[in-house]
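Engineer: Straight out of TrEMBL:
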DOMAIN    B:3-110  domain 'Tetrahydrofolate dehydrogenase/cyclohydrolase catalytic'
DOMAIN    B:129-268  domain 'Tetrahydrofolate dehydrogenase/cyclohydrolase NAD(P)-binding'
BINDING   B:Gly154, B:Arg155, B:Ser156, B:Ile222  NADP(+) binding site
There are 2 protein chains.
Amino acid sequence: MYIDVKPLYTQIRSELLKRIEKLRREPKLVVVTYKPDSSTISYLRSQEKSAKRFGLDYEIIEGKTPQHVIKLLRSFSDDEEIDGIFVTHPLPDVDEMEVFENLDPRKDIEGRHPYNLGMLAYGEEFFAPCTAEAVIKILESYTEIIGKNVVIVGRSNTVGKPLSLMLLRRDRSATVTVCHTKTKNLSEFTKKADIVVAAAGRPELITKEMVKENAVVIDVGINVTENGIVGDVAKEVSDIAKVTPVPGGVGKITTVLLMEHLVKAAERINF
Amino acid sequence: MYIDVKPLYTQIRSELLKRIEKLRREPKLVVVTYKPDSSTISYLRSQEKSAKRFGLDYEIIEGKTPQHVIKLLRSFSDDEEIDGIFVTHPLPDVDEMEVFENLDPRKDIEGRHPYNLGMLAYGEEFFAPCTAEAVIKILESYTEIIGKNVVIVGRSNTVGKPLSLMLLRRDRSATVTVCHTKTKNLSEFTKKADIVVAAAGRPELITKEMVKENAVVIDVGINVTENGIVGDVAKEVSDIAKVTPVPGGVGKITTVLLMEHLVKAAERINF
């Protein structure tokens, strides 16, 4: 069985449109990039379309040198006309810590800044990483979380780690295990899970034998293969469990949440 | 069997004394408190002794009002004569988030500031919470961590959550589960663990039946009971597993690490 995220998407989208109407001016998102590769460029193109669809102001600026990138970040952080800053990553030759030192966490709509990550431990999710937040929204709209055994496969800073902090929050109170490439007997963990979050970036890593019947499986993977885009979860898993589709699952919610974050940032600056 | 942390303590202490000798002036720690209760006062007294033993400058300042506390934090954050700031907590009527907004994370020797917590996700442990760091130091000095199944019982911001991030760092790469009061069948998790970290604050919560033979058990608990101070791990567990003692285990390392953090802060400001 597949989990249909469209009702959730529609709900987030319509609430967001109402909030945008109330703003005094168009929220502005600036993307800072440096020597973007082809996949970054195609990602930004789809992001731009999505921003325009919501009537949001969107601009891509390419730094000339690593130093210039840092200078741009500092000036955009101070610029009251700019509500959100999106930094493509990894940026070649640019130190990630220096990026954070020059990026105002109040404009970090991706939720990658250490300050925003640390706030998750305190249960404050003003800017959580959009993908982790998408997983939470899907779970909260679909199933009970308290006391559930959740196994996350993958320990990234955009999904695995922040998601584990978010699932431990008292109003969610899942028991959380984070597995990764060094985990021995991965299937022993996943087989016992009520909820599996596959965020390893490995095509069809999670197979039918690894999942308990009727489990909820959130597929965060977006892997480009010879057979097109596939998730981290094998198709057959949907025979016995409830799985989010790829594409059209977590990614769909993630994109709209990035826009929601921009609006949130604009609401804070404008009012 | 009990784990002897004394060799580790001696090593940290002697390296620290060498670093203190090299500093141009005594590192200065300021404690900010507000309406401290008796247990806070007795804790600060033992902290002061420990600071004096290392020849560190130590001062306790009590705020007059919540607003005054915030003002003190701001002024100590800006004061170049002060290397580290310790805020007792919880502070009655003082908003924790406001504390963080006015505390320079470079002086947050406790590692409680969201910025420092978030840095743990990036593998940067300049100021990790001292107790979580003590657990890491003990484990690293005593056993292999990579690929081990680690179960943490307790999800606090000073132990459970930061420790899980630290154990996931690539050079440690443990599989990490965080359990807590809402976990169903706690012993099913702990029984399978190679390493159990008991940080729930519940006297003798972990019993012999809950632990695998020869497991490593780190007892973070310091519970004041009618029978004196006891940990989160029942005495009998040491019959079958390797357990850190309470007192004289994690707490002993935690105290010296707080001093180490102060020296680290002073090194950064002085050089």
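Glycine is treated like the rest: Cβ placed from N, Cα and C.
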Engineer: Among the binding-site residues (B:Gly154, B:Arg155, B:Ser156, B:Ile222), which are close to chain A, meaning C-beta separation under 8 angstroms?
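Structural biologist: Going by the Cβ criterion (under 8 Å to chain A), the qualifying binding-site residues are B:Arg155.
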Engineer: On average, what pLDDT score does this prediction assign to the domain 'Tetrahydrofolate dehydrogenase/cyclohydrolase catalytic' (B:3-110)?
Structural biologist: 96
Engineer: Express in Å, rounded to the nearest integer, the largest CA to CA distance found among the NADP(+)-binding residues B:Gly154, B:Arg155, B:Ser156, B:Ile222 named in the record.
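Structural biologist: In whole numbers, the farthest two Cα atoms are 16 Å apart.
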Engineer: Just to confirm: which same-chain residues, 6+ apart in sequence, have a Cβ under 8 Å from the Cβ of B:Gly154 (NADP(+) binding site)?
Structural biologist: B:Gly160, B:Val178, B:Cys179, B:His180, B:Val197, B:Ala198, B:Ala199, B:Ala200, B:Gly201, B:Val220, B:Asp232
Engineer: Using DSSP, tally how many residues of the domain 'Tetrahydrofolate dehydrogenase/cyclohydrolase NAD(P)-binding' (B:129-268) sit in helix, strand and coil.
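Structural biologist: Breakdown, helix to coil: 55 helix, 28 strand, 57 coil.
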Engineer: Under DSSP, the domain 'Tetrahydrofolate dehydrogenase/cyclohydrolase catalytic' (B:3-110) has how many residues in helix, strand and coil?
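Structural biologist: Reading the DSSP string over the domain 'Tetrahydrofolate dehydrogenase/cyclohydrolase catalytic' (B:3-110) gives 54 helix, 16 strand, 38 coil.
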Engineer: Fewest other CB within 10 angstroms, which one of the binding-site residues B:Arg155, B:Ser156?
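Structural biologist: If we count Cβ atoms within 10 Å for the binding-site residues B:Arg155, B:Ser156, the smallest count is at B:Ser156.
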Engineer: Under 8 Å Cβ-Cβ from B:Ile222 (NADP(+) binding site), six or more apart in the same chain: what's there?
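Structural biologist: In sequence order, the residues whose Cβ lies under 8 Å from that of B:Ile222 (NADP(+) binding site) (at least 6 apart) are B:Ile229, B:Gly231, B:Val246, B:Pro247, B:Gly251.
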